[in-house]
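K.L.:
Sharing a structure, written as structure tokens. Questions coming.
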């Protein structure tokens, strides 16, 4: 499908993806950031901060962004790698990925420059974003174009829009070990049957499953996150006190967002010269009402047919 590329009112190059059933996605070339994903009913599925500053050339809080090549405290934009603060380009030669004839898709690329010669030295970072009915797919690829090996950590930070964080439930992380960033990265084992929220959370779950369900009771909607090549999962919400201390986050924004990231943090990715790493993430939504028993999240997680 032809690309719809235009300059938005703040002068930023923006790409709009649409598909026949009515869903859409918007991508900024600055930062390679997805700033909107709407379903067929034009409902926004991604969270964007009410204090997002669109006019400055810096990362915008919210949406979906690639955190590369370093990864730290999710609350600090400076810790999330420089890819979010660079101007990307359209990738005219996205091989060896096959063409996406039946999807609305865009391929973008970020190449290392002189100011990025820290870690890694020389690289090509490609990202394919594909939209279809009820589904958003991201395929990140990093190639080492240097003459020395390098290692890096990586994450796709997904800021999802929810009705009320206190009514959100995450299935698929039970019994996993995790690092708690609020307790000096101490390691614990998740004891709860499902993850719920009653305060600030900043955790890195290790060796997480390829499928995770985020259930929003009030909206009767479940986000299904599927991933490959990114074994860890990060869950972050700043809650009230920390949220008020973040300059580009509204005081009450924490109530209507959850940041659920696909990541590789515990074991960094090592690339020798000319080697390429590839990940995969698929976000989809299904109608659900966990409270009324209409949907058992385990049916979503483990592929049991819905009745």
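Yeah, the Cβs are placed from backbone N, Cα and C, and that goes for glycine too.
Here's the feature list from TrEMBL:
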- 61, 79, 84: substrate binding site (BINDING)
K.L.:
Mind giving me a neighbour count for residue 61 (substrate binding site)? Other Cβ atoms within 10 Å of its Cβ, every protein chain shown.
P.N.:
25
K.L.:
Just counting, how many other CB atoms are there within 10 A of the CB of residue 84 (substrate binding site)?
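P.N.:
Neighbour count, Cβ to Cβ under the 10 Å cut-off: 19.
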